[in-house]
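S.K.: The structure under discussion is supplied below as structure tokens; questions concerning it will follow.
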Amino acid sequence: MQWLFAADAASSIACLVLVAGWLPRTPPPPVQQELGTSRSAWKDGRLWLLMTTGTLFATVYMLIPMAMPLALAATGRPASDAGLLSALGTLITIAAQPLMRRSENITSRIVAGYLLLAAGLAVAGLHPAMTGYVGATIIIAAGDTLLVGYTYTLVAAIAPAGSRARYFAVYGLTWGVALTVGPPAIGTLVRHGFAEFWLVCAAAMCATGLGQLLVNRMIRPRPCA
């Protein structure tokens, strides 16, 4: 276990070196432009709508890696197998990149992405065993590929010039909420069994996808000046 933390620390330092040494520096925006176009992100109702669906998505999404070791242990498998499933999901995400290029219709991507995520969670609920979790991981990773980065594109689109950093900072709180709500949510839901837990997550993901489609119709991103 000590080596795991050491490897994590080493990879973090390596990432720091790459960012500091290779990424070009971004010049700050002109002071007049920043002062003239900035606005409070908290007062933008469209951002609140995106944060609502974003928080629901992030919460369900974070429940998966949190609960998987416990679910595997409940089936008699080592909890460490969750790491193997995580690696499998990463490989599927890389292999599924062509889906991004073939899915230019945004609405179709959202529908397909959320349906795949919900389907993967449903597979885990209907077959809570190692084979079911492998299948669920593959399906979820494919859906994740279709949705990756999408909401951040919307946040950037609705943010006025000079306020994007503020908008991203506020929207990033959705993941903080998810990390806070996730552990107690797992403790409450798994009391009824892991099959029920995964099915509840599948239903929540379907509801989130429907909510995202409604939000997309309600917000009207305006071109940045």
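Glycine too: its Cβ is placed from the backbone N, Cα and C atoms.
Relevant sequence annotations retrieved from TrEMBL are reproduced here:
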TRANSMEM  6-26  transmembrane segment
TRANSMEM  47-70  transmembrane segment
TRANSMEM  82-99  transmembrane segment
TRANSMEM  111-127  transmembrane segment
TRANSMEM  133-155  transmembrane segment
TRANSMEM  167-185  transmembrane segment
TRANSMEM  197-215  transmembrane segment
S.K.: Could you tell me what the rest of the chain brings near the transmembrane segment (133-155), counting residues at least six beyond its ends with Cβ under 8 Å?
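M.R.: Sequence-distant neighbours of the transmembrane segment (133-155): 47, 50, 53-54, 57, 64, 68, 71-72, 85, 88-90, 92-93, 96-97, 99-100, 103, 106, 109-110, 112-117, 119-121, 123-124, 127, 164, 167-168, 171, 198, 212, 216, 219, 221.
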S.K.: For the transmembrane segment (111-127), name the stretch out of 6-26, 47-70, 167-185, 197-215 with the most CB-CB pairs under 8 Å.
M.R.: 197-215
S.K.: Output the single range from 6-26, 82-99, 167-185 maximising the number of Cβ pairs under 8 Å to the transmembrane segment (47-70).
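M.R.: Comparing 6-26, 82-99, 167-185: 167-185 has the most Cβ pairs near the transmembrane segment (47-70).
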